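Visitor: Straight from Swiss-Prot, here's the annotation block:
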TOPO_DOM  1-14  topological domain 'Mitochondrial intermembrane'
TRANSMEM  15-45  transmembrane segment
TOPO_DOM  46-59  topological domain 'Mitochondrial matrix'
TRANSMEM  60-87  transmembrane segment
TOPO_DOM  88-227  topological domain 'Mitochondrial intermembrane'
BINDING   161, 196, 200, 207  Cu cation A1 binding site
BINDING   196, 198, 200, 204  Cu cation A2 binding site
BINDING   198  Mg(2+) binding site
MOD_RES   218  phosphotyrosine
């Protein structure tokens with residue numbers, strides 16, 4: 001859950017998000033070291049008189065500044081590609097949920113159940129109860145079992161949308177006429193909030209997403225009560 005004056009990411013709730021946080025720290029350290037080196041060289045150039053204005057060729061320096069950036073790019077690319085393949089891989093999902101974006105609400109269909117579908121609208125500010133979050137609460141939450149692989153099929157009925165839940169590391173475009181898929185697995189129960197992340201019209205900011213991750217036995221009770 002985000003909070004005011006937050007500087008970092010939300011707490012990771014899925015293995016993918018944990019990998020993304022590790023990759024962010026890895027890349028940030030590389031960027032910090034490169035920036036420090038560049039600033040150090042600039043400071044030397046500004047403070048020393050040992051310059052070589054007549055130097056026309058320096059094979060050693062050119063070799064270093066060609067090979068070193070290539071190595072750095074490889075160190076960034078390899079873990080990035082690994083995470084991309086992990087995010088794209090879906091093996092034997094335990095549950096499939098179809099998500100459709102509309103102007104300006106979401107529809108959900110549990111394809112493993114008959115007649116288990118609903119629309120999810122934002123609760124207006126005037127109808128919020130004490131303790132509920134403005135612009136983030138919905139009338140129907142997406143209840144899912146924790147510690148299970150869940151496949152989300154995402155599309156749109158009208159314009160471009162984007163189904164995003166930051167703490168799970170999810171951001172998938174909802175495109176009319178196209179079915180995208182992503183996978184999620186939560187390591188702990190709780191409420192996880194997201195929003196549409198693609199400008200889709202005047203009420204774009206009023207399309208919240210609320211996932212309620214619960215143990216399997218509670219999910220079974222909920223699904224039975226919805227049928």
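Backbone N, Cα and C define each Cβ position, glycine as well.
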Visitor: Would you kindly list the residues that approach the transmembrane segment (15-45) from elsewhere in its chain, counting only those six or more residues past its ends and only Cβ-Cβ distances under 8 Å?
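Guide: Same-chain residues near the transmembrane segment (15-45) but 6 or more away: 9, 51, 72, 75-76, 79-80, 83, 86-87, 167-169, 184-185, 187.
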Visitor: DSSP on residue 161 (Cu cation A1 binding site), three-state: which is it?
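Guide: Once the DSSP labels are grouped into three classes, residue 161 (Cu cation A1 binding site) ends up as strand.
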Visitor: Neighbourhood of the Cu cation A1 site (161, 196, 200, 207): other residues with Cβ within 8 Å of the Cβ centroid, in order?
Guide: 101, 103, 104, 106, 162, 174, 195, 197, 198, 201, 204
Visitor: For the topological domain 'Mitochondrial matrix' (46-59), what's the model's average pLDDT?
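Guide: That stretch averages a pLDDT of 72.
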Visitor: When secondary structure is assigned with DSSP, how many helix, strand and coil residues does the topological domain 'Mitochondrial intermembrane' (1-14) contain?
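Guide: Reading the DSSP string over the topological domain 'Mitochondrial intermembrane' (1-14) gives 0 helix, 0 strand, 14 coil.
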Visitor: Determine, to the nearest whole angstrom, how far the Cα atom of residue 198 (Cu cation A2 binding site) is from the Cα atom of residue 218 (phosphotyrosine).
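Guide: Cα of residue 198 (Cu cation A2 binding site) to Cα of residue 218 (phosphotyrosine) measures 33 Å after rounding.
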Visitor: Which residues does residue 161 (Cu cation A1 binding site) neighbour through Cβ under 8 Å, counting only same-chain ones at least six apart?
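Guide: Once residues fewer than 6 apart are set aside, residue 161 (Cu cation A1 binding site) is near 101, 173, 174, 196, 198, 200, 207.
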Visitor: Are there residues at least 6 beyond the ends of the topological domain 'Mitochondrial intermembrane' (1-14) whose Cβ is under 8 Å from a Cβ of it, and what are they?
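Guide: Sequence-distant neighbours of the topological domain 'Mitochondrial intermembrane' (1-14): 20-21, 24, 166-169, 184-188, 190-193, 213.
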Visitor: Measuring Cα to Cα, tell me the gap between residue 204 (Cu cation A2 binding site) and the residue listed as 'phosphotyrosine' in whole angstrom.
Guide: 32
Visitor: Within 10 Å of each Cβ, count the other Cβ atoms, then let me know which of the binding-site residues 196, 200 comes out lowest.
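Guide: If we count Cβ atoms within 10 Å for the binding-site residues 196, 200, the smallest count is at 200.
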Visitor: Specify the secondary structure state of residue 196 (Cu cation A1 binding site) as given by DSSP, simplified to three classes.
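Guide: Assignment for residue 196 (Cu cation A1 binding site) reads strand.
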Visitor: Can you name every residue in this chain, apart from 196, 198, 200, 204, with its Cβ inside 8 Å of the center of the Cβ atoms of the recorded Cu cation A2 site?
Guide: 101, 104, 159, 160, 161, 162, 197, 199, 201, 207
